[in-house]
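All remarks here apply to the structure that follows.
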């Protein structure tokens, strides 16, 4: 009798990874379930009424799924790599005026990078997750392809995977929509069939990142609000509490809504009206290539770019500067944010060419200043 192929399934305690494990069992794999313990949780973060992920409650749910499926289940301690790769960068990015994307870092270095290292120690080549994505091979290179359910599509968070990791990853849910996954969970009798989806950053209770940063000892840098023209219009208590494109919570009275245009090292937060948020270009750094082979210095190419998870890709032209790209938009795009990820796709394709980080200080805007100063409204 042929021995079943072993596969490790990363089980978060949610319905998606539970169904992924069940489907692989039905497909004939020898499934081993693992949960990655990434964070030492304080009591408030363990409130089971909150829709977070990776909490002690989620570990219990993942273990219950393992019992229900009758598969081996293990908890792997990942606090060290998670702290170094995800939390440390999260803190340093905010301190430096960038807006981080911890889920990208976690996928790249923990859920796939570190987990593959553990799998290889056990002599296991393949892992699977409950991500909504697919794998495609293009001209001898591997890439993440959009899921069928575009409302759940997660390719944006997976651009950092290496060629070897993509090749050896299975995404059982890539061809399904969420409602179908729920029905399969009910058919399988899984205890998490009706569990709500996670909606928070796992280590940020209540999504209050400012309180988290303060607990980590970060000192906020107070400074001035000013317009792109240079006119000072107010004060704030810390640049670390703002992000590019932010409109709410500024505390500035103005005839039209103001948005954060940039955050300067000296603590200055530059504001402008909505039309001033439109960007012309930016520089991409920390590039990971997937279907696209590395571009030669000076080589240009038109493609599509996505600058945030919920936004639609837009047309752009990229030019290789060596280790970075110059990205010029061919359509209007608002509030390009340094520190966030940008993913790239063929103009007529549904798979990843490449991805990287939007470089701080590299963003050019179409309109430099369009706000008339209202001296009577300046709360200094």
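Cβ atoms here come from the backbone N, Cα and C positions, even for glycine.
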Since Swiss-Prot lists 10, 11, 12, 13, 14, 15, 16, 17, 36 for ATP, which candidate among 130, 140, 160, 174 does it give for that site as well?
130
For residue 340 (site 'Interaction with tRNA'): intrachain residues, at least 6 apart, with Cβ closer than 8 Å:
99, 100, 101, 307, 308, 357, 358
Pairwise over 10, 11, 12, 13, 14, 15, 16, 17, 36, 130, annotated as binding ATP, what's the top Cα to Cα distance to the nearest Å?
16
Where the distance is taken from Cα to Cα, which of the recorded positions 106, 131, 202 turns out closest to residue 16 (ATP binding site)?
131
Calculate the distance in Å between the alpha carbons (Cα) of residue 202 (active site, cysteine persulfide intermediate) and residue 106 (active site, nucleophile), and round it to a whole number.
11
For residue 12 (ATP binding site), list the number of other Cβ atoms lying within 10 Å of its Cβ atom.
24
